[in-house]
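Some notes on the structure that comes next.
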């Protein structure tokens, strides 16, 4: 068994092409499969980018190399130094003939999970053995697309002049006055894991940053057990000064559109591997009001009254009607947090919006209240004590500009982009009501 020593990978599997005939390469990865047929062995090496075939003919390699090849096991870690040989009959038009094989580490057998995807496994088993599960090419494809999604979003924000910020995740009280918080011991006090950076984003508007964003974890102690909820999630949050809710929606459209375009350009292999029906959306999305959404739901037999939040049945009804990406706007004020700005002509309706994909909510936002007196009134009307929000409210006394923003669920958006029906597929180590390990 060898150390890497002076060897360094020269190529990933997908970088080797037939035109490199005669060139020496060093490959490193896992043994995806091994077939020993008398005086010939076939080793499929798998790395981050794909698989590559090494052919080990006894008459063309030294005895030690051939014996090492024959004794390889699935998922052993190996390094191969060899020559590329063009061969039209080979799977990719070439094969690699090893000069030397180094076994860097052995894998125990039997494997608790088959990374080759030949043996199916339930999602709980896969999540228990996630380190093996993410070796599967299709699982890696999900996370490569997710990575490109986040890279694209950061680039769009940078191009638009946003400042990236990091807000506290240990907080003294609830952001929105709810009780769905995880309490923790904080020295002699009680604290909570943050459920949203909302109040801090708004305070940054008072600080004069104009446009900020954050990509970070949020925590919600909701006792859901569904395919679309987690208790720890990644949220993409933004806030902008001197804008209204329509400007915030336009920015969200730009972020989402750019994600689709960047993924199509930079991750075509992953799109193909996942067999995605990929289509870049229009630059502006369809929009309907909450009232119109309620009318659609009622017309499809859903029992719901104006002023209620949309039930799952209502979301399904509207999603079936709309399809794709669309906004629901002009929500009842009573369904939204205290910092949401009511319409000036009808305070029963507020300047809030949700971005939906079919029946799935992926983003929520609004124009915010920027007047101190109205904010205090809203907090009181919702049965909360303004004194509990003293440090937040202070930012509104000394020059708070009009502002708007939104939060986009990274995990849910990744679900949409990769066409997964369970949010856990898009999170490396998900945290839900039952799962706290690995």
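Cβ coordinates are placed from backbone N, Cα and C, and glycine is handled just like the others.
Summarising the annotation, Swiss-Prot assigns site 'Important for tRNA non-discrimination' to 91. According to DSSP, residue 91 (site 'Important for tRNA non-discrimination') is assigned to coil rather than to any helix or strand. Other C-beta atoms found within 10 angstroms of the C-beta of residue 91 (site 'Important for tRNA non-discrimination') number 11, with every protein chain shown included.
Annotated L-aspartate binding site per Swiss-Prot: 176, 220, 364, 368, in sequence order. Classification of residue 368 (L-aspartate binding site) by DSSP places it within a strand.
Note: the region 'Aspartate' (198-201) comprises 4 helix, 0 strand, 0 coil (DSSP; helix = H, G, I, strand = E, B). According to Swiss-Prot, the region 'Aspartate' annotation covers 198-201.
Annotation comment: Swiss-Prot describes 220, 221, 222, 228, 229, 230, 361, 409, 410, 411, 412 as ATP binding site, evidence class sequence analysis. Around the Cβ of residue 412 (ATP binding site), a 10 Å sphere holds 22 further Cβ atoms from the protein chains shown.
A strand conformation is recorded for residue 361 (ATP binding site) in the three-state DSSP classification. According to Swiss-Prot, the feature Mg(2+) 3 binding site maps to 361.
Sequence annotations record features per position, and here Swiss-Prot assigns Mg(2+) 2 binding site to 361, 364 based on sequence analysis.
Candidate recorded positions: 91, 220, 364, 368. Nearest to residue 412 (ATP binding site) by Cα distance: 364. The distance from the Cα of residue 229 (ATP binding site) to the Cα of residue 220 (L-aspartate binding site) comes to 10 Å. Of 91, 220, 368, all annotated as recorded positions, the residue with the shortest Cα distance to residue 361 (ATP binding site) is 220.
The CA atom of residue 410 (ATP binding site) is located 15 Å away from the CA atom of residue 220 (L-aspartate binding site).
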